[in-house]
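Asker: Have a look at this one before I ask anything.
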Amino acid sequence: MEKPPLLDGEDGSVLAESRSDVALVSADEEGSAGAHGQEDDRPAWDSKLQYVLAQVGFSVGLGNVWRFPYLCHQNGGGAFMLLYVMLLLIIGVPLFFMELAAGQSIRQGSIGVWKHISPRLAGIGYSSCMVCFFVALYYNVIIAWSLFYMGNSFQYPLPWEQCPVDMISNQTVKECAASSPTSYFWFRKALDISDSIDQSGEFNPILTGCLLAAWAIVCLAMIKGIKSSAKVMYFSSVFPYAVLICFLIRGLMLDGAIEGIKYMFYPKLEIWGEVQVWRQAATQVFFALGLGYGSVIAYSSYNPVHNNCHRDAIMVSGINFMTSVLASLVVFVVLGFRAKNIALDCVATLLCSPKLHLDRVKTGVEGTGLAFIAFTEAMALFPASPFWSTLFFLMLLNLGLSTMFGTMQGILTPLMDNFRVLGRHKTMLTVCSCILGFFIGLLFTQRSGNYFVTMFDDYSATLPLIIVVVFETVSVAWIYGADRFLDDVEVMLRWRPPVVYCYLWKYVCLLGMVGLLAASLLRMVFKRPTYTAWNHTTGSETSLEYPGWALVMLSTLIIVASLPVPVGYLLSFLRGGQSLPVEEGEVQTPRVRYSKYNSSEPESNNHHSPLDEDRNRPRSTFLHLGAEHYVLLPQQEDGEEEEDTGL
């Protein structure tokens, strides 16, 4: 049975009145069976393991492998980990739990969840969909890169082990000699990159083919919804852990591995005094759990209503953190081995000190540079290097796909839940979305494509997602009410979570997200956006400022992704608090009135107000199912209802 939406009044008093509008009555088993009838058609997970693997697969992505180790490397090692754990516990887990509970109780995608709380908040869901679409565009390009490298791993020696020779001059190519074999292969052979974002150049045919293959894989895995993607998750979510453990065991046998681990865990507590470190730690917590995308809500909406989502929130967050630590161990073991080799060569030639080369290693661990430059260089020194290279890029492929599945679910589920036409043509919607994503993604396969990937990664998701989560927190903690929300979770879980969540949602999480938003805005305002470009003449990377048209483009990305939130609120406000108009094919849930009572009471007393039982705390109406059974009460006349609610 669909749950009644909150009335969207001018202020909190209207919300209070809406609570007293809903009566609570008990019914027998037949009434309960009728309540379940409308939800039988909604897909569901085949098992709890399937659901957990899906959530873990979405939250554990490429950022765990290259972003978290880089932040540890740059921000004090063990000190950064302590800071990360603290922020994870007081901000990450409560917000993750909030999204899980909202999706599981309302059983809708992101659009339906926030529209249910208040029609004025429907824009939050649309913003989440826009961000998911932007992320999917460039994320699949990274999967295409992994496919390209995995295909080139089936040869010996690996093509990035040594510099090529110019056939005309019979000398080493100058660009490669000035940099390194791995850097040359990445920038010239894989990307064929231009010197700046202004120089677009032609399309890279090989990467275009890899991008087409990546979208084809995603489409085939998503074409039957969670029924098909969940089966792929059994492999794509588990396989990376097997590879990471193999790499860790192999890496511990390398010379320099212990030095790398020591460097990783050595705490530099003085970095806690830097605002930048707090901002980076909070941002990593935010993105590691996938908050704001709507994918967490979409996945949890397919759960049974009494599933223990509190335990799921703690378990998935813990697995996510431990995966980051495991990936960091592998990275620092490999970087320690790489640094030791560079240092030994350096000392042997008497050209420099080992300290200098350790600093050089430190500059190559951020983002794609870690996977496609630093790691490939280290693996080229392994015995049986093609085997380890194939294993590594197959792991990246699976990490990317599992996250991509969740991102696409954050787009498709809300649209299918809210538009009947799209819901009836799920396969067509999936195929058309993937085709559209491929054609727009051609932007990233031209010679300057890597610069656009950087732009989308830095600006299309960060600010819009923070804005989305701020509004999510405000809507649950203050508009709906944190205490009331916890009451509903108690009915759903059949036990009451700690009351500390109310204070975390209302104050700590909200202030933390507002602070992160302010820090991100100030950084963007006072520091002109830049990107890292490759100079083929010097064979090195340089930092360049975005040209004017690129600044307009990245500003447009931020505005387009964030705009649905204020636009949805403004449109609803201009209509005098009424819900947004129902578009063609959109599902509009009818308001229903419930009542629950002690079955031993006379039937004539069914229609009393919940305030008669407890005037201090009205019964919540967020959930449609609880420990008791529910039945519909007589509705008001259509005209009277419309006048009262505006729906």
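Backbone N, Cα and C define each Cβ position, glycine as well.
Pulled the feature table from TrEMBL, pasting it below:
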- Gly57, Val60, Asn64, Leu399: Na(+) 1 binding site (BINDING)
- 81-102: transmembrane segment (TRANSMEM)
- 123-148: transmembrane segment (TRANSMEM)
- 206-226: transmembrane segment (TRANSMEM)
- 238-261: transmembrane segment (TRANSMEM)
- 281-302: transmembrane segment (TRANSMEM)
- 314-335: transmembrane segment (TRANSMEM)
- Asn320: Na(+) 2 binding site (BINDING)
- 387-406: transmembrane segment (TRANSMEM)
- 427-445: transmembrane segment (TRANSMEM)
- 465-482: transmembrane segment (TRANSMEM)
- 503-526: transmembrane segment (TRANSMEM)
- 546-571: transmembrane segment (TRANSMEM)
- 596-619: region 'Disordered' (REGION)
- 604-617: compositional bias 'Basic and acidic residues' (COMPBIAS)
Asker: Which chain neighbours of the Na(+) 1 site, leaving out Gly57, Val60, Asn64, Leu399, have a Cβ atom within 8 Å of the mean position of the site's Cβ atoms?
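Answerer: Apart from the listed residues, the neighbours are Val56, Phe58, Ser59, Gly61, Leu62, Val65, Ser237, Pro240, Thr323, Ser402, Thr403.
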Asker: Just jot down the residues in the same chain as Val60 (Na(+) 1 binding site), at least 6 apart in sequence, with C-beta under 8 A of its C-beta; none if empty.
Answerer: Ser237, Pro240, Ile319, Asn320, Thr323, Leu399, Ser402, Thr403
Asker: To the transmembrane segment (123-148), which of 81-102, 465-482, 546-571 is linked by the most Cβ pairs under 8 Å?
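Answerer: Most Cβ pairs under 8 Å with the transmembrane segment (123-148) come from 546-571.
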Asker: Is it the case that the transmembrane segment (281-302) and the transmembrane segment (427-445) touch, counting contact as three or more CB pairs under 8 Å in which the residues of each pair are 6 or more positions apart?
Answerer: no
Asker: Taking the transmembrane segment (387-406) as the reference, which of 81-102, 238-261, 503-526 gives the largest number of Cβ pairs under 8 angstroms?
Answerer: 238-261
Asker: With Cβ distances under 8 Å as the criterion, find the stretch in 81-102, 206-226, 314-335, 546-571 that has the most pairs with the transmembrane segment (238-261).
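Answerer: Answer is 314-335, with the largest number of Cβ pairs below 8 Å.
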Asker: Answer with yes or no whether the transmembrane segment (503-526) touches the transmembrane segment (465-482) by the criterion of at least three Cβ pairs under 8 A, sequence separation 6 or more.
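Answerer: Contact confirmed: at least 3 Cβ pairs fall under 8 Å.
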Asker: Could you check whether the transmembrane segment (206-226) packs against the transmembrane segment (427-445) - three or more CB pairs closer than 8 Å, residues at least 6 apart in sequence?
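Answerer: Yes, the transmembrane segment (206-226) contacts the transmembrane segment (427-445).
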Asker: So what's near the transmembrane segment (314-335) in sequence-distant terms, Cβ-Cβ under 8 Å and 6+ beyond its ends?
Answerer: 52, 55-56, 59-60, 64-66, 68-69, 72-73, 81, 84-85, 88, 92-93, 96-97, 241, 244-245, 247-248, 251-252, 254, 257, 260-261, 263-264, 288-289, 361, 365, 370, 374-375, 378-379
Asker: Enter the number of other CB atoms within 10 angstroms of the CB of Gly57 (Na(+) 1 binding site).
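Answerer: Neighbour count, Cβ to Cβ under the 10 Å cut-off: 27.
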